[in-house]
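Peer 1: My questions all concern the structure below.
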Amino acid sequence: MRTHYCSAVNELSLDKQITVCGWVHNRRDHGGVIFLDIRDRSGLLQVVYEPENKEIFAIAEKLRSEFVVRVTGIVRKRPEGMINDKMETGRVEVIGTQLEILNQSPTPPFLPDDHQIINEDLRYKYRYIDLRRAVMQKKLTLRHKLNSCIRNYLNEQNFLDIETPMLTKATPEGARDYLVPSRVHPGQFYALPQSPQLFKQLLMMSGFDKYYQIVRCFRDEDLRADRQPEFTQLDIEMAFINEEDILQLIEGLLKIVFKEILNITLPDKLPRMSYKEAMTRYGSDKPDLRNPLELIDIADLVKDCDFNVFASAANDNSGRVVALKLPNGCDLSRKDLDNYGQFVTIYGAKGLAYIKVNDLSAGMAGLQSPILKFLSETAVHSILNRVEAQTGDVIFFGADKAHVVNESMGALRNKLGHDRNLINSGWQLLWVVDWPMFELDPQSNKLQPMHHPFTSPQELSAEALRSKPTQTLAKAYDIVINGYEIGGGSIRIHQPELQKTVFDLIGIDEQEAHEKFGFLLDALQYGAPPHGGIALGIDRLAMLLTDSTSIRDVIAFPKTQTASCPLTSAPSPAGNAQLTELGIRLAPTITTK
């Protein structure tokens with residue numbers, strides 16, 4: 001039907017007859033000559049129809065935006081003054097000799113033009129039009145290249161691409177499951193997988209020592225800019241390996257991805273940072289190292305001060321007091337400071353103290369802050385020295401339980417970095433390693449795994465784990481790119497007794513463990529090899545590589561922030577016949593919109 005994609009028509013095609021197919025992107029009538037911009041996924045091509053061929057010209061006059069056409073003509077150089085170097089085909093045009101309308105289109109709700117600002121709901125309702133835009137074509141094409149690059153690399157490393165079940169058993173993995181009722185087994189449900197975690201471990205026990213899969217996963221959780229109810233991840237598992245093997249594999253993969261897609265050369269070895277250091281310096285387990293701001297502990301300087309907010313947190317074993325210096329921040333108005341104070345309350349902070357350093361050489365007289373009256377001159381000078389304050393700086397303070405300080409001041413660090421244009425350009429990748437095995441749930445005060453309950457502790461002893469669970473470190477690792485967690489993984493537990501110990505510590509008794517994970521515990525008894533793996537978020541990685549602000553921009557048909565699809569109106573009510581067949585009756589309080 002066609003001989004060329006639009007962008008393939010160039011000066012090498014001069015004087016040749018070509019045929020292209022696509023959409024009418026633009027139609028212009030200049031002095032009795034019709035100019036068409038024909039668009040396909042490769043780009044635009046200008047076609048000219050002259051009035052001498054009356055029959056074809058009459059067809060061209062009928063064309064409107066988004067008509068689907070087949071065009072045949074002779075390629076020629078554009079006249080002087082008509083060259084458009086902004087277009088890949090801007091030095092040539094096609095003199096149309098034939099024209100066929102393959103399909104018509106009414107005036108669309110919006111034109112697939114990258115320069116238009118389009119309401120997001122409208123974009124998703126008419127996603128098939130939105131995807132015609134050049135920017136969306138480029139983003140999804142890059143995503144394809146990313147997946148191809150990943151497959152090529154892992155295939156060369158002797159990995160096997162093995163599919164795992166989509167209809168499986170519900171297991172606790174940190175989020176709510178999407179449940180699928182079974183018609184054959186009334187009253188029972190499958191769960192859509194949050195990840196192939198247990199199946200890939202079982203594959204290691206089955207002798208497939210190198211597995212990967214680019215797989216769909218499902219989590220019924222609240223949505224954010226970088227979350228979707230269904231998402232895609234690169235899932236990897238290896239047997240007879242240690243942490244270093246996994247880290248080197250992923251470093252090699254990312255090095256190739258960045259080189260092939262962005263022509264950026266990454267270092268052979270990425271920097272590593274312990275979880276403890278990341279939280280101490282940045283208040284985050286996924287720090288953006290392009291941001292130069294850091295949190296600085298000052299608890300030892302304010303333990304005996306008269307400012308109770310500082311003193312109580314400084315003397316609390318679970319508390320933390322930090323300073324965050326913003327260079328040249330004295331131009332912040334009172335309203336700006338109040339807004340930042342309001343911002344940190346979103347993350348549990350009760351407020352935001354600050355000191356403006358108007359003139360460092362003037363001592364206390366050169367400082368401005370509501371809290372100065374509660375602090376001794378010695379304490380203030382010690383704080384200024386520790387943060388290396390300069391005239392013109394503003395110092396913000398966080399004092400509370402450590403988890404509140406980390407979350408609120410870490411978020412403030414990010415916000416200040418963006419608001420003040422402090423974020424350096426380029427790419428900053430790092431591994432966050434040496435994670436705690438467990439954390440205490442602040443509500444229930446019970447242990448819960450930092451990653452998942454199949455992660456191996458660094459000490460392979462059930463006795464050591466029981467004696468100091470909150471001090472035990474895990475063989476876990478996260479890969480972070482520019483402040484986004486792109487992936488995470490761990491070495492897994494391969495000894496049944498150690499796995500039972502972990503279950504017991506997080507409140508899963510023997511009966512519950514058998515009901516939910518009996519198949520795994522059985523498999524661990526039959527010669528499970530040491531193994532570990534990682535999962536990388538394809539959506540997030542594609543978002544970063546395309547410089548997008550949301551993963552919805554790199555997913556062909558995404559859900560909205562309410563987990564709905566404006567295009568198909570999903571989710572939708574099930575009919576009574578379907579519900580009856582599945583043995584389901586809706587509770588009276590459930591209504592459908």
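Here the Cβ of each residue, glycine as well, is placed from N, Cα and C on the backbone.
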Peer 1: Check Swiss-Prot: it lists Arg219, Asp220, Glu221, Glu485, Gly537, Ile538, Asp539, Arg540 as binding ATP. Then name which of Gln213, Gln228 it lists for that same site.
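Peer 2: For the ATP site that includes Arg219, Asp220, Glu221, Glu485, Gly537, Ile538, Asp539, Arg540, Swiss-Prot also lists Gln228.
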Peer 1: Pick from 121-124, 197-200, 301-304: which range does Swiss-Prot record as region 'Aspartate'?
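Peer 2: In Swiss-Prot, the region 'Aspartate' feature sits at 197-200.
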Peer 1: 10 Å Cβ neighbour count around Ile538 (ATP binding site)?
Peer 2: 24
Peer 1: Using all protein chains in view, find how many other C-beta atoms are within 10 Å of the C-beta of Arg492 (L-aspartate binding site).
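Peer 2: Arg492 (L-aspartate binding site): 24 neighbouring Cβ atoms within 10 Å.
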Peer 1: What count of other C-beta atoms do you get within 10 angstroms of the C-beta of Gly81 (site 'Important for tRNA non-discrimination'), across all chains shown?
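Peer 2: Taking all protein chains shown, Gly81 (site 'Important for tRNA non-discrimination') has 5 Cβ neighbours within 10 Å.
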Peer 1: Per DSSP, what is the residue tally for the region 'Aspartate' (197-200) in helix, strand and coil?
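Peer 2: For the region 'Aspartate' (197-200), the helix, strand and coil counts are 4 helix, 0 strand, 0 coil.
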Peer 1: List nothing but the one residue from Glu221, Glu485 whose Cβ has the fewest other Cβ atoms within 10 Å; the candidates are the binding-site residues.
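Peer 2: Looking at the binding-site residues Glu221, Glu485, the Cβ with the fewest others within 10 Å is that of Glu221.
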Peer 1: Going by DSSP, is Glu485 (ATP binding site) sitting in a helix, a strand, or coil?
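Peer 2: DSSP assigns Glu485 (ATP binding site) to strand.
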Peer 1: Looking at the recorded positions His30, Arg219, Arg540, which one has the fewest other Cβ atoms within 10 Å of its own Cβ?
Peer 2: His30
